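Working notes, structure below.
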Amino acid sequence: MADDQLEGSIKNILEQKSLKWVFVGGKGGVGKTTCSCSLAAQLSKVRGRVLLISTDPAHNISDAFCQKFTKTPTLVEGFTNLFAMEIDSNPSGEGVEMANIEEMLQNAAQNEGGSGNGFAMGKDFLQQFAGGLPGIDEAMSFGEMIKLIDSLDFDVVVFDTAPTGHTLRLLQFPTLLEKVFTKILSLQGMFGPMLNQFGGMFGMGGGSMNEMIEKMTTTLESVKKMNGQFKDPNCTTFVCVCIAEFLSLYETERLIQELTKQGIDTHNIIVNQLLFPDTDESGKITCRKCGSRQAIQSKYLSEIDELYEDFHVVKLPLLESEVRGGPEILKFSERMVHPEKNTNQ
């Protein structure tokens, strides 16, 4: 099977010139930020303008590059075409799930024909939508951010995402917004009188009904484009980062299954923080705990190789020092392109 395995590098991503969106995510504490910064650094060598975006509330890319970033794209020191920015996108809390949104949309459609009941159902739908759906403000901000990125004409965008649960909800935003906006615009006669009242909920401010409809239509066009690109493997891919431990492997499998369900391409896995212990002249590992840890990692590496034989599995070592600053990130990023370097720390 070893002969059939794909190369353990990110060369396939660097060579795919059609890619526009690259997401990097996984369980917390596995080194996602270092990997996303390194991937962005490598992309800056082979692509035009590259943008790195942190959607993680912790915003670690500033610490990684030793440079403060804001919600405005800023040139990364030491690079000529790599920019970075941090946005707040935290869809947390309990509320209406996608299944509930589907039911609300269906109810609104069924009552479209009745004048009084239709208006009441429309109002009820918007009230539930405003009060019960967590992250709608973040979803709108995400949509506006995508429009901004498009206007700035970046060749490729790398997302340093938050831990898995947050990221999966974030990736649902385009589909959710497209369904809701499409339904509301199809029922303008029913919702029209209430759009001003609920305009603030959509982050669109005040204005006349016609202005509100125009803004919503424009946003819907951007959301449809974004949704189509996210589900196009020529435009979008997701890089999963994990470590060789049970919980991380379990969450990686859950993430891959959910990405497949959402129609988002993923064919790269980065296994980070691997031990390559020192040995004596006879080849015996000199550190007993290091040997035990390596044995555990080897077990899960074998499972990863078996489960994901159709993935590019990049295996990165645990280093003796932190990877911080542009030069160190660039140096570390070479390990993602040249696997042969990873047996030497």
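Heads up, the Cβ atoms here are built off N, Cα and C, so glycines get one too.
Just one of GLU245, GLU303, GLU306, GLU309 is listed by Swiss-Prot for the same ATP site as LYS27, GLY28, GLY29, VAL30, GLY31, LYS32, THR33, THR34, ASN272, and that one is GLU245. Counting every protein chain shown, the number of other Cβ atoms lying within 10 Å of the Cβ of CYS290 (Zn(2+) binding site) is 16. Taking a C-beta cut-off of under 8 Å and a sequence gap of six or more, THR33 (ATP binding site) has these contacts in its own chain: SER54, ASP56, ASN60, ILE61, ASP63, ALA64, ASP160.
Set side by side, the recorded positions ASP56, GLU245 differ in how many other CB atoms lie within 10 angstroms of their CB, and the most is found at ASP56.
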